[in-house]
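Here is what Swiss-Prot records for this protein:
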type	residues	note
COMPBIAS	71-93	compositional bias 'Low complexity'
REGION	70-93	region 'Disordered'
TRANSMEM	109-129	transmembrane segment
TRANSMEM	133-153	transmembrane segment
TRANSMEM	190-212	transmembrane segment
TRANSMEM	250-270	transmembrane segment
TRANSMEM	272-292	transmembrane segment
Amino acid sequence: MLALRVARGSWGALRGAAWAPGTRPSKRRACWALLPPVPCCLGCLAERWRLRPAALGLRLPGIGQRNHCSGAGKAAPRPAAGAGAAAEAPGGQWGPASTPSLYENPWTIPNMLSMTRIGLAPVLGYLIIEEDFNIALGVFALAGLTDLLDGFIARNWANQRSALGSALDPLADKILISILYVSLTYADLIPVPLTYMIISRDVMLIAAVFYVRYRTLPTPRTLAKYFNPCYATARLKPTFISKVNTAVQLILVAASLAAPVFNYADSIYLQILWCFTAFTTAASAYSYYHYGRKTVQVIKD
């Protein structure tokens, strides 16, 4: 019984190798017998080689499974000529993956002007401490010019707008104003309580910006992604009273810098400007507290 089973198994192997007793064995046929069975038609064989990129995880246009033997199934329709690489077939079976909209170019002219304004801030502080008010007034005029050009370019050229710029512009203003107010307070040109109020508000706003950046960052949150200027997650919208407050603060700085040059440091109008600046600073802080989420626009893919 055992011998009969062995004989049947040997006959099956010989038959699969395409030769039987009494025929001349072929080494080529014996080798092909060890390979997987060949598809039932040449169309299936060609389709199997055509689908190899899909097995490797690649997404190529117009590749779909077909069965030439049964005739079932049809290839996915190819895109029309001239549709471009941005078009995509149903199901996302072709075309390159789209670039995330969160990435943007940070090297715009307004952003460079904001960085210039940040760089001028310590220079102005040094000139004020050294009581070189004539040069300080000229450098401050240059910093103010960069602020005006920054906003003008961003409003009139859409390709110069960026989410980074919406945060970098007010950040540059706050750094410039904070250094100027500390320096002018050191020079006894601005009272200490007013400087304390302005810096406290700016510190809270900067902390809020960092918090919003963390909260709007998609998971996994990494330091490289957090500090990547090209990866924008939110766009900030300052309130109207905040814009007015920034203008009033800069006017007070200009008036204080010019006071020792034109000898009106004890003017009553300068003191009225101190009080008005304190009022707009408090109103600006309250506006951010009141509107909160309305000042932040989250950017999504």
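Here the Cβ of each residue, glycine as well, is placed from N, Cα and C on the backbone.
On a predicted model such as this, the values are computed, not experimentally measured, just so you know.
In this chain, the transmembrane segment (272-292) lies out of contact with the transmembrane segment (133-153); the count of Cβ pairs under 8 Å, excluding pairs fewer than 6 apart in sequence, is fewer than 3. Tertiary neighbourhood of the transmembrane segment (272-292): same-chain residues 190-191, 193-194, 197-198, 201, 204-205, 208, 239-242, 244-245, 248-249, 251-252, 255, selected by CB-CB distance under 8 Å and a gap of 6+ residues from either end.
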